[in-house]
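Residues or ranges marked as active site by TrEMBL: Ser67, Lys115. Residues annotated as domain 'Peptidase S26' in TrEMBL: 45-186.
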Amino acid sequence: MDVGCIMSLLRPSAIYNFVTSYPALRWMPCQSWGFLRWPGLDGFLRLMVVGLLWSTFSELRFIPSSSMFPTLRVGDRIIVEKASYYIKNPSIHDIITFKDPTQLYGENTETVFIKRIVAKAGDAVEVHHGVLYVNGVAQREDFIAQPPAYTIPLTVRSLFVVTTVPNDHVYVLGDNRNNSYDSHVW
């Protein structure tokens, strides 16, 4: 190859000259086309840090059952953000994911549930006549599919069934109360 041929390869192409000189395309911020280059080592390290943070503080899940219907439907995909509970405590009506509490230690299957927190540690939970009561106060729940058709079978106080949430625990129920494997079963 002669020197003239090599020099012609190093000159800007006709397409580049057209794009950078055409009046209607002059507003384009990418006139140098330098943004298309590989970012280098610092860009690669930034990408690695973002990937590490993403995998540590979030996860991708899909909804396999109708226990959270109508809020979440079967087949919905969600991104679970895991960092906020390092900073603050869970609140009533938060939707959380957690491992199956009935799963024995050492089992390989990691069944993950997604439910809504309805009571915190120390709260008294009652269900009767299709209404959830927390500490004796009827809860207004616009997000449930239908009123619960069950009672909570643990301890009896007067005519109604009552459960007290243990310390360092929360009481969770699915939004589809009659089709949910949740705290009223455990």
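Placed from the backbone N, Cα and C atoms, the Cβ positions cover glycine too.
In this structure the alpha carbons, written CA, of Ser67 (active site) and Lys115 (active site) are 8 Å apart. Residue counts for the domain 'Peptidase S26' (45-186) by DSSP state, with H, G and I taken as helix and E and B as strand, are 20 helix, 45 strand, 77 coil. For Ser67 (active site), other Cβ atoms within 10 Å of its Cβ number 22. This prediction places the mean pLDDT of the domain 'Peptidase S26' (45-186) at 84. A 10 Å cutoff on Cβ-Cβ distances gives Lys115 (active site) a total of 22 other Cβ atoms nearby, all chains included.
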